[in-house]
Amino acid sequence: MSTFGASAQHTFSVAPQERDPYVYQVGFGNRFASEAIPGTLPVAQNNPQKAKYDLYTESLNGTPFVTPRRENQSAWLYRIRPSVAHQGFTELPDNPDLESCFLPLNPKVHFSPTQLAWYPFDIPSDSKIDFVSGLKTLAGNGDPTLREGLAVHIFAANESMGKRAFVNSDGDFLILPQQGRLDIQTEFGKLMARPGELVVVQRGIKFKVGLPDGPSRGYILEIFGSHFELPDLGPLGTHGLANPRDFESPVASFDLDQSPWEVVYKVGGKLFSCKQEHTPFDVVAWHGNYVPYKYAMEKFVHVGSIQRDHIDPSIFCILTAKSKTPGAPLADFLIFSGRWDVATGTFRPPYYHRNCASEMMGLIYGDYGGRSDEFAPGGFSFENGFCPHGVSYDEFKKATEAELPPMRVHEGTLAFMFESSMQVTITDYAMKRTGKLHEHEPKMWDNLKGQFVNHLDQINADLKAAGLPLLGSQS
(Lines of atoms letter the chains of each structure in order from A and count residues from 1; the text may use other names and numbers.)
(Lines give C-alpha, C1' and ligand atoms only; values in the text may rest on other atoms or scores of the structure.)
Protein backbone atom coordinates (compact mmCIF):
# COMPACT_ATOMS: atom_id res chain seq x y z
CA MET A 1 0.00 0.00 0.00
CA SER A 2 1.28 3.46 -0.93
CA THR A 3 0.04 6.73 0.59
CA PHE A 4 0.05 10.08 -1.19
CA GLY A 5 -0.96 13.41 0.34
CA ALA A 6 -1.10 17.13 -0.25
CA SER A 7 1.82 19.17 1.07
CA ALA A 8 1.82 22.51 2.84
CA GLN A 9 2.75 24.13 -0.48
CA HIS A 10 -0.74 23.59 -1.87
CA THR A 11 -2.94 24.91 0.94
CA PHE A 12 -3.12 27.44 3.77
CA SER A 13 -1.99 25.13 6.49
CA VAL A 14 -0.61 24.25 9.88
CA ALA A 15 2.79 22.57 9.58
CA PRO A 16 3.58 19.18 11.14
CA GLN A 17 4.48 19.07 14.83
CA GLU A 18 6.67 16.70 16.84
CA ARG A 19 3.81 14.38 17.81
CA ASP A 20 1.61 15.18 14.83
CA PRO A 21 3.10 14.51 11.37
CA TYR A 22 0.12 15.85 9.43
CA VAL A 23 -0.66 19.11 7.64
CA TYR A 24 -3.98 20.90 8.19
CA GLN A 25 -6.16 23.61 6.71
CA VAL A 26 -7.42 26.10 9.27
CA GLY A 27 -10.84 27.61 9.93
CA PHE A 28 -14.29 26.57 11.09
CA GLY A 29 -17.06 25.89 8.56
CA ASN A 30 -14.87 26.98 5.64
CA ARG A 31 -15.45 25.80 2.09
CA PHE A 32 -12.11 24.10 1.67
CA ALA A 33 -10.47 22.63 -1.41
CA SER A 34 -7.60 20.14 -1.34
CA GLU A 35 -5.70 18.08 -3.90
CA ALA A 36 -3.15 15.34 -3.27
CA ILE A 37 -2.18 15.71 -6.95
CA PRO A 38 -2.21 19.33 -8.17
CA GLY A 39 -4.71 20.05 -10.93
CA THR A 40 -7.07 17.18 -10.06
CA LEU A 41 -10.09 19.31 -9.07
CA PRO A 42 -12.36 20.25 -11.98
CA VAL A 43 -12.49 23.92 -12.88
CA ALA A 44 -15.80 25.84 -12.54
CA GLN A 45 -17.91 22.68 -12.14
CA ASN A 46 -18.44 19.80 -9.72
CA ASN A 47 -19.47 16.87 -11.91
CA PRO A 48 -17.49 16.81 -15.17
CA GLN A 49 -18.35 14.32 -17.90
CA LYS A 50 -14.97 12.72 -17.34
CA ALA A 51 -12.91 13.50 -14.23
CA LYS A 52 -9.15 13.84 -14.50
CA TYR A 53 -7.18 10.56 -14.29
CA ASP A 54 -10.49 8.68 -14.76
CA LEU A 55 -11.42 9.32 -11.12
CA TYR A 56 -15.01 8.84 -9.99
CA THR A 57 -17.00 11.86 -8.81
CA GLU A 58 -18.97 11.36 -5.60
CA SER A 59 -21.19 13.80 -3.70
CA LEU A 60 -21.63 13.75 0.08
CA ASN A 61 -24.44 15.79 1.63
CA GLY A 62 -24.57 16.52 5.35
CA THR A 63 -27.82 18.51 5.15
CA PRO A 64 -30.96 18.28 2.97
CA PHE A 65 -30.61 19.81 -0.49
CA VAL A 66 -32.89 22.77 0.22
CA THR A 67 -31.32 23.73 3.56
CA PRO A 68 -30.60 27.50 3.47
CA ARG A 69 -27.21 28.21 1.95
CA ARG A 70 -25.74 29.62 5.19
CA GLU A 71 -26.43 26.24 6.88
CA ASN A 72 -25.94 23.89 3.95
CA GLN A 73 -23.09 21.39 4.31
CA SER A 74 -21.77 19.18 1.52
CA ALA A 75 -18.62 18.00 -0.23
CA TRP A 76 -17.51 16.69 -3.61
CA LEU A 77 -14.96 13.88 -3.67
CA TYR A 78 -12.85 12.62 -6.58
CA ARG A 79 -11.80 9.08 -5.83
CA ILE A 80 -10.17 6.02 -7.37
CA ARG A 81 -13.22 3.79 -6.83
CA PRO A 82 -16.70 4.92 -5.74
CA SER A 83 -18.31 3.88 -2.46
CA VAL A 84 -20.91 1.79 -4.31
CA ALA A 85 -18.17 -0.67 -5.33
CA HIS A 86 -18.79 -3.14 -2.51
CA GLN A 87 -20.10 -6.67 -1.96
CA GLY A 88 -23.24 -5.99 0.09
CA PHE A 89 -24.11 -5.76 3.78
CA THR A 90 -24.28 -8.33 6.55
CA GLU A 91 -25.77 -7.52 9.95
CA LEU A 92 -23.30 -8.07 12.76
CA PRO A 93 -24.28 -9.60 16.11
CA ASP A 94 -25.73 -7.07 18.52
CA ASN A 95 -23.31 -5.30 20.80
CA PRO A 96 -25.33 -5.26 24.05
CA ASP A 97 -23.28 -2.32 25.33
CA LEU A 98 -23.97 -0.07 22.31
CA GLU A 99 -27.25 1.85 22.32
CA SER A 100 -28.90 4.45 20.08
CA CYS A 101 -32.56 4.41 21.14
CA PHE A 102 -33.30 6.30 24.34
CA LEU A 103 -37.08 6.49 24.17
CA PRO A 104 -38.92 5.70 27.44
CA LEU A 105 -40.46 2.56 25.90
CA ASN A 106 -36.99 1.05 25.56
CA PRO A 107 -36.61 -1.27 28.60
CA LYS A 108 -32.82 -1.03 28.36
CA VAL A 109 -32.64 2.62 29.47
CA HIS A 110 -33.27 4.08 32.92
CA PHE A 111 -34.06 7.43 34.51
CA SER A 112 -32.22 8.54 37.63
CA PRO A 113 -32.78 11.63 39.79
CA THR A 114 -29.66 10.70 41.75
CA GLN A 115 -26.23 12.08 40.99
CA LEU A 116 -24.19 9.20 39.59
CA ALA A 117 -20.49 8.73 39.00
CA TRP A 118 -18.21 6.10 37.53
CA TYR A 119 -14.61 5.33 38.40
CA PRO A 120 -12.24 5.27 35.37
CA PHE A 121 -13.30 2.67 32.83
CA ASP A 122 -11.00 -0.27 32.19
CA ILE A 123 -9.00 -0.67 29.00
CA PRO A 124 -9.27 -4.29 27.79
CA SER A 125 -6.18 -6.44 28.15
CA ASP A 126 -7.42 -10.03 27.76
CA SER A 127 -8.46 -9.77 24.08
CA LYS A 128 -7.85 -7.60 21.03
CA ILE A 129 -10.38 -4.76 20.87
CA ASP A 130 -10.33 -1.94 18.31
CA PHE A 131 -12.15 1.41 18.39
CA VAL A 132 -15.43 0.06 16.98
CA SER A 133 -15.51 -3.06 19.16
CA GLY A 134 -14.63 -0.91 22.18
CA LEU A 135 -17.63 1.43 21.90
CA LYS A 136 -19.96 1.37 24.90
CA THR A 137 -22.90 3.68 25.58
CA LEU A 138 -23.47 5.40 28.92
CA ALA A 139 -26.40 7.74 28.36
CA GLY A 140 -28.54 9.55 25.83
CA ASN A 141 -31.91 10.82 24.71
CA GLY A 142 -34.05 10.75 21.59
CA ASP A 143 -33.44 8.46 18.65
CA PRO A 144 -31.59 8.77 15.32
CA THR A 145 -34.74 7.87 13.36
CA LEU A 146 -36.39 10.98 14.79
CA ARG A 147 -33.34 13.14 13.90
CA GLU A 148 -33.32 14.53 17.42
CA GLY A 149 -31.23 13.37 20.34
CA LEU A 150 -27.77 12.45 21.54
CA ALA A 151 -25.72 9.56 22.87
CA VAL A 152 -22.72 9.53 25.20
CA HIS A 153 -20.23 6.72 24.64
CA ILE A 154 -16.87 5.72 25.95
CA PHE A 155 -14.30 3.84 23.92
CA ALA A 156 -11.54 1.63 25.26
CA ALA A 157 -9.28 -0.13 22.76
CA ASN A 158 -5.92 -1.85 22.56
CA GLU A 159 -5.63 -2.49 18.83
CA SER A 160 -5.58 -0.34 15.71
CA MET A 161 -8.33 -0.92 13.15
CA GLY A 162 -6.06 -2.18 10.37
CA LYS A 163 -8.06 -2.75 7.17
CA ARG A 164 -11.33 -1.94 8.84
CA ALA A 165 -13.21 1.35 8.57
CA PHE A 166 -16.30 2.75 10.27
CA VAL A 167 -19.25 4.86 9.10
CA ASN A 168 -21.75 6.35 11.54
CA SER A 169 -25.03 6.75 9.64
CA ASP A 170 -26.84 7.91 12.79
CA GLY A 171 -25.08 11.12 13.77
CA ASP A 172 -21.90 13.14 14.26
CA PHE A 173 -19.15 11.97 16.61
CA LEU A 174 -17.26 14.40 18.87
CA ILE A 175 -14.29 12.30 20.02
CA LEU A 176 -12.14 13.09 23.06
CA PRO A 177 -9.07 10.91 23.58
CA GLN A 178 -8.20 10.69 27.28
CA GLN A 179 -5.28 8.26 27.14
CA GLY A 180 -3.01 7.94 24.13
CA ARG A 181 -3.13 9.62 20.73
CA LEU A 182 -5.61 8.63 18.02
CA ASP A 183 -4.31 8.44 14.45
CA ILE A 184 -7.54 9.01 12.51
CA GLN A 185 -7.63 8.42 8.77
CA THR A 186 -10.71 9.79 6.99
CA GLU A 187 -11.81 10.03 3.39
CA PHE A 188 -10.69 13.67 3.49
CA GLY A 189 -7.25 13.01 4.93
CA LYS A 190 -5.56 12.30 8.24
CA LEU A 191 -5.78 13.82 11.72
CA MET A 192 -3.71 13.08 14.81
CA ALA A 193 -5.53 13.77 18.08
CA ARG A 194 -3.87 13.73 21.50
CA PRO A 195 -5.48 14.08 24.95
CA GLY A 196 -6.44 17.73 25.10
CA GLU A 197 -7.72 17.81 21.52
CA LEU A 198 -11.21 17.08 20.20
CA VAL A 199 -12.11 15.61 16.82
CA VAL A 200 -15.46 15.83 15.04
CA VAL A 201 -16.27 13.26 12.35
CA GLN A 202 -19.65 13.93 10.82
CA ARG A 203 -22.41 11.52 9.90
CA GLY A 204 -21.71 9.36 6.85
CA ILE A 205 -17.93 9.92 6.67
CA LYS A 206 -15.69 6.84 6.61
CA PHE A 207 -12.80 6.75 9.08
CA LYS A 208 -10.51 4.40 10.95
CA VAL A 209 -8.59 4.80 14.20
CA GLY A 210 -5.00 3.78 14.84
CA LEU A 211 -3.34 3.71 18.26
CA PRO A 212 0.25 4.97 17.90
CA ASP A 213 0.77 5.06 21.69
CA GLY A 214 -0.78 1.69 22.44
CA PRO A 215 -3.99 1.12 24.45
CA SER A 216 -6.33 4.11 24.44
CA ARG A 217 -9.46 5.34 26.16
CA GLY A 218 -11.74 8.31 25.71
CA TYR A 219 -15.20 9.82 25.46
CA ILE A 220 -17.64 10.45 22.60
CA LEU A 221 -20.63 12.76 22.28
CA GLU A 222 -22.87 11.72 19.38
CA ILE A 223 -25.64 14.01 18.13
CA PHE A 224 -28.61 13.09 15.98
CA GLY A 225 -30.27 15.59 13.66
CA SER A 226 -28.01 18.64 13.70
CA HIS A 227 -24.34 19.51 13.46
CA PHE A 228 -21.96 21.22 15.85
CA GLU A 229 -21.42 24.94 15.44
CA LEU A 230 -19.70 27.73 17.30
CA PRO A 231 -21.85 29.47 19.92
CA ASP A 232 -22.89 33.05 19.27
CA LEU A 233 -20.75 35.56 21.15
CA GLY A 234 -23.42 38.21 21.82
CA PRO A 235 -21.95 41.20 23.69
CA LEU A 236 -18.49 39.58 23.64
CA GLY A 237 -18.27 40.85 20.08
CA THR A 238 -16.08 39.30 17.41
CA HIS A 239 -13.49 37.24 19.29
CA GLY A 240 -13.23 34.92 22.27
CA LEU A 241 -14.05 31.40 23.45
CA ALA A 242 -13.04 29.04 20.60
CA ASN A 243 -11.74 31.16 17.73
CA PRO A 244 -12.54 29.83 14.23
CA ARG A 245 -8.94 30.03 13.04
CA ASP A 246 -7.85 27.46 15.64
CA PHE A 247 -9.87 24.61 14.11
CA GLU A 248 -7.92 22.32 11.78
CA SER A 249 -9.17 20.13 8.92
CA PRO A 250 -7.17 17.55 6.96
CA VAL A 251 -5.67 17.87 3.50
CA ALA A 252 -6.31 15.33 0.76
CA SER A 253 -4.46 12.05 1.15
CA PHE A 254 -5.06 8.75 -0.62
CA ASP A 255 -3.82 5.16 -0.56
CA LEU A 256 -3.18 2.84 -3.51
CA ASP A 257 -4.61 -0.37 -2.08
CA GLN A 258 -6.71 -2.92 -3.97
CA SER A 259 -6.83 -5.52 -1.17
CA PRO A 260 -9.86 -6.70 0.88
CA TRP A 261 -11.35 -4.24 3.39
CA GLU A 262 -14.28 -4.25 5.80
CA VAL A 263 -16.39 -1.12 6.34
CA VAL A 264 -18.68 -1.24 9.40
CA TYR A 265 -21.82 0.90 9.22
CA LYS A 266 -23.83 1.96 12.28
CA VAL A 267 -27.49 2.33 11.31
CA GLY A 268 -30.14 2.82 13.97
CA GLY A 269 -27.65 1.64 16.56
CA LYS A 270 -27.10 -1.67 14.78
CA LEU A 271 -23.83 -2.60 13.09
CA PHE A 272 -23.53 -3.91 9.53
CA SER A 273 -20.43 -5.26 7.80
CA CYS A 274 -19.67 -4.30 4.21
CA LYS A 275 -16.83 -6.05 2.38
CA GLN A 276 -14.99 -4.53 -0.58
CA GLU A 277 -11.85 -5.18 -2.61
CA HIS A 278 -10.27 -1.76 -2.21
CA THR A 279 -9.43 0.82 0.41
CA PRO A 280 -12.13 3.37 1.31
CA PHE A 281 -9.36 5.98 1.67
CA ASP A 282 -8.73 6.68 -2.01
CA VAL A 283 -9.93 10.28 -2.40
CA VAL A 284 -7.37 12.13 -4.51
CA ALA A 285 -9.06 15.53 -4.29
CA TRP A 286 -12.10 17.10 -2.66
CA HIS A 287 -13.82 20.39 -1.95
CA GLY A 288 -16.66 21.46 0.33
CA ASN A 289 -17.56 22.38 3.90
CA TYR A 290 -18.69 18.97 5.22
CA VAL A 291 -15.26 18.06 6.52
CA PRO A 292 -13.86 16.50 9.74
CA TYR A 293 -11.91 18.79 12.03
CA LYS A 294 -9.97 18.94 15.28
CA TYR A 295 -9.33 21.59 17.93
CA ALA A 296 -6.71 21.92 20.67
CA MET A 297 -8.67 22.87 23.78
CA GLU A 298 -5.69 24.64 25.35
CA LYS A 299 -6.34 27.38 22.76
CA PHE A 300 -9.72 28.22 24.28
CA VAL A 301 -9.96 31.89 25.27
CA HIS A 302 -11.61 32.04 28.70
CA VAL A 303 -13.81 34.94 29.70
CA GLY A 304 -15.28 35.60 33.14
CA SER A 305 -16.31 38.13 35.74
CA ILE A 306 -13.65 40.74 36.47
CA GLN A 307 -15.64 42.26 39.33
CA ARG A 308 -18.12 40.06 41.21
CA ASP A 309 -20.50 37.11 40.88
CA HIS A 310 -20.45 34.30 38.33
CA ILE A 311 -21.29 34.43 34.67
CA ASP A 312 -23.37 31.46 33.52
CA PRO A 313 -21.33 28.37 32.54
CA SER A 314 -22.27 28.93 28.89
CA ILE A 315 -19.10 31.07 28.79
CA PHE A 316 -17.13 27.80 28.78
CA CYS A 317 -18.85 26.51 25.61
CA ILE A 318 -16.64 25.41 22.70
CA LEU A 319 -19.31 23.88 20.47
CA THR A 320 -23.10 23.77 20.49
CA ALA A 321 -25.75 21.88 18.51
CA LYS A 322 -29.27 23.15 17.97
CA SER A 323 -32.40 21.23 18.89
CA LYS A 324 -35.75 21.60 17.17
CA THR A 325 -36.83 23.96 19.97
CA PRO A 326 -35.62 27.51 19.27
CA GLY A 327 -33.20 28.75 21.92
CA ALA A 328 -32.79 25.33 23.56
CA PRO A 329 -29.57 23.52 22.57
CA LEU A 330 -29.62 19.81 21.90
CA ALA A 331 -26.08 19.66 23.26
CA ASP A 332 -23.35 22.00 24.46
CA PHE A 333 -19.74 20.99 24.86
CA LEU A 334 -17.97 22.94 27.64
CA ILE A 335 -14.51 22.76 29.19
CA PHE A 336 -13.04 23.77 32.55
CA SER A 337 -9.31 24.41 32.51
CA GLY A 338 -6.64 26.71 33.94
CA ARG A 339 -7.75 30.33 34.24
CA TRP A 340 -7.87 33.31 36.62
CA ASP A 341 -10.59 33.80 39.24
CA VAL A 342 -10.68 37.41 40.45
CA ALA A 343 -14.28 37.92 41.61
CA THR A 344 -14.44 39.81 44.91
CA GLY A 345 -17.09 39.45 47.61
CA THR A 346 -18.26 36.34 45.79
CA PHE A 347 -18.91 32.69 46.62
CA ARG A 348 -16.42 31.36 44.09
CA PRO A 349 -17.26 27.63 43.78
CA PRO A 350 -20.25 26.57 41.67
CA TYR A 351 -23.29 27.85 43.54
CA TYR A 352 -26.10 25.49 44.57
CA HIS A 353 -28.31 25.14 41.55
CA ARG A 354 -31.19 23.43 39.82
CA ASN A 355 -31.47 24.05 36.10
CA CYS A 356 -33.15 22.77 32.97
CA ALA A 357 -30.04 20.96 31.80
CA SER A 358 -28.67 17.45 32.14
CA GLU A 359 -24.97 17.57 32.95
CA MET A 360 -22.44 14.84 32.15
CA MET A 361 -18.79 15.40 33.06
CA GLY A 362 -15.49 13.71 32.32
CA LEU A 363 -11.88 14.45 33.12
CA ILE A 364 -9.11 14.34 30.51
CA TYR A 365 -6.24 15.13 32.88
CA GLY A 366 -5.48 16.85 36.17
CA ASP A 367 -7.46 17.16 39.38
CA TYR A 368 -10.96 18.67 39.48
CA GLY A 369 -11.28 19.34 43.22
CA GLY A 370 -14.22 19.97 45.48
CA ARG A 371 -16.07 16.74 44.70
CA SER A 372 -16.96 13.76 46.85
CA ASP A 373 -16.94 11.11 44.11
CA GLU A 374 -13.21 10.45 43.57
CA PHE A 375 -13.49 12.06 40.15
CA ALA A 376 -10.44 10.89 38.17
CA PRO A 377 -9.21 11.00 34.56
CA GLY A 378 -11.14 8.43 32.55
CA GLY A 379 -14.14 8.54 34.89
CA PHE A 380 -17.55 10.10 34.37
CA SER A 381 -20.41 11.73 36.28
CA PHE A 382 -24.09 12.45 35.63
CA GLU A 383 -26.56 14.97 37.06
CA ASN A 384 -30.08 15.09 35.71
CA GLY A 385 -31.99 18.28 35.07
CA PHE A 386 -33.71 20.00 37.97
CA CYS A 387 -32.31 17.62 40.60
CA PRO A 388 -30.33 19.81 43.05
CA HIS A 389 -26.56 19.77 43.18
CA GLY A 390 -23.68 21.73 44.61
CA VAL A 391 -20.55 21.51 46.74
CA SER A 392 -20.13 19.78 50.08
CA TYR A 393 -20.45 21.59 53.42
CA ASP A 394 -16.68 21.58 53.86
CA GLU A 395 -16.23 23.32 50.50
CA PHE A 396 -19.07 25.73 51.32
CA LYS A 397 -17.54 26.66 54.67
CA LYS A 398 -14.07 27.11 53.20
CA ALA A 399 -15.39 29.28 50.37
CA THR A 400 -17.43 31.54 52.68
CA GLU A 401 -14.50 32.22 54.99
CA ALA A 402 -11.51 32.34 52.62
CA GLU A 403 -9.53 35.36 51.57
CA LEU A 404 -10.28 36.24 47.96
CA PRO A 405 -7.07 37.26 46.20
CA PRO A 406 -6.79 36.86 42.43
CA MET A 407 -5.84 33.24 41.89
CA ARG A 408 -5.36 30.59 39.25
CA VAL A 409 -7.92 27.76 39.30
CA HIS A 410 -7.90 24.34 37.64
CA GLU A 411 -4.23 24.75 36.74
CA GLY A 412 -2.98 21.69 34.84
CA THR A 413 -6.53 20.35 34.57
CA LEU A 414 -8.87 19.73 31.66
CA ALA A 415 -12.41 18.70 32.58
CA PHE A 416 -15.36 18.82 30.23
CA MET A 417 -19.14 18.76 30.31
CA PHE A 418 -21.70 17.43 27.84
CA GLU A 419 -24.82 19.45 28.59
CA SER A 420 -28.31 19.04 27.13
CA SER A 421 -31.58 20.91 27.62
CA MET A 422 -33.32 17.53 27.31
CA GLN A 423 -33.83 14.77 29.87
CA VAL A 424 -31.14 12.11 29.57
CA THR A 425 -31.53 8.38 30.25
CA ILE A 426 -28.87 5.96 31.49
CA THR A 427 -28.16 2.68 29.72
CA ASP A 428 -28.24 -0.85 31.09
CA TYR A 429 -24.51 -1.04 30.53
CA ALA A 430 -23.83 2.07 32.61
CA MET A 431 -26.19 1.04 35.42
CA LYS A 432 -25.43 -2.67 35.64
CA ARG A 433 -22.32 -3.85 33.81
CA THR A 434 -19.42 -1.44 34.19
CA GLY A 435 -18.45 -2.43 37.71
CA LYS A 436 -17.48 1.24 38.15
CA LEU A 437 -20.77 2.87 39.17
CA HIS A 438 -21.17 4.59 42.50
CA GLU A 439 -23.72 7.12 43.68
CA HIS A 440 -22.83 10.47 45.13
CA GLU A 441 -22.91 10.26 48.92
CA PRO A 442 -25.79 12.48 50.17
CA LYS A 443 -24.11 12.67 53.57
CA MET A 444 -21.73 15.22 52.01
CA TRP A 445 -24.57 17.73 52.53
CA ASP A 446 -25.64 16.63 56.05
CA ASN A 447 -23.85 19.54 57.68
CA LEU A 448 -25.63 22.12 55.56
CA LYS A 449 -27.78 23.06 58.56
CA GLY A 450 -30.22 25.95 58.82
CA GLN A 451 -27.75 28.45 60.27
CA PHE A 452 -30.34 31.17 59.76
CA VAL A 453 -31.95 30.26 63.12
CA ASN A 454 -28.69 31.04 64.95
CA HIS A 455 -29.33 34.69 64.16
CA LEU A 456 -32.92 35.03 65.44
CA ASP A 457 -32.04 37.63 68.06
CA GLN A 458 -30.40 39.88 65.49
CA ILE A 459 -33.15 39.19 62.94
CA ASN A 460 -35.89 40.12 65.42
CA ALA A 461 -34.01 43.28 66.37
CA ASP A 462 -33.87 44.23 62.70
CA LEU A 463 -37.55 43.38 62.21
CA LYS A 464 -38.53 45.40 65.27
CA ALA A 465 -36.54 48.38 64.03
CA ALA A 466 -38.40 48.09 60.71
CA GLY A 467 -41.80 47.86 62.43
CA LEU A 468 -42.41 44.31 61.17
CA PRO A 469 -43.76 41.21 63.01
CA LEU A 470 -41.13 39.23 64.92
CA LEU A 471 -40.20 35.62 64.22
CA GLY A 472 -41.03 32.95 66.79
CA SER A 473 -38.40 30.68 68.33
CA GLN A 474 -37.48 27.39 66.62
CA SER A 475 -37.38 24.13 68.58
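Backbone N, Cα and C define each Cβ position, glycine as well.
Note that TrEMBL annotation is computational and uncurated.
According to TrEMBL:
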ACT_SITE  H310  active site, proton acceptor
BINDING   H353, E359, H389  Fe cation binding site
BINDING   Y368, H389  homogentisate binding site
DOMAIN    24-296  domain 'Homogentisate 1,2-dioxygenase N-terminal'
DOMAIN    299-452  domain 'Homogentisate 1,2-dioxygenase C-terminal'
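The two recorded residues H389 (Fe cation binding site) and Y368 (homogentisate binding site) have their Cα atoms spaced 16 Å from each other. Counting every protein chain shown, the Cβ of E359 (Fe cation binding site) has 22 other Cβ atoms within 10 Å. Taking the mean position of the Cβ atoms of H353, E359, H389 as the Fe cation site, the remaining residues of that chain whose Cβ falls within 8 Å of it are P350, R354, N355, A357, E383, C387, P388, G390.
Within the set of recorded positions (H310, H353, H389), the lowest number of other Cβ atoms found within 10 Å of a Cβ is recorded at H353. In this view, Y368 (homogentisate binding site) is surrounded by 20 other Cβ atoms within 10 Å of its Cβ, with every protein chain counted. Straight-line distance linking the Cα atoms of E359 (Fe cation binding site) and Y368 (homogentisate binding site), rounded to a whole number, equals 15 Å. Taking the C-alpha positions, the distance from the residue listed as 'active site, proton acceptor' to Y368 (homogentisate binding site) comes to 18 Å. Cα of Y368 (homogentisate binding site) to Cα of H353 (Fe cation binding site): a distance of 19 Å. Averaged over the domain 'Homogentisate 1,2-dioxygenase N-terminal' (24-296), the predicted model reaches a pLDDT of 96.
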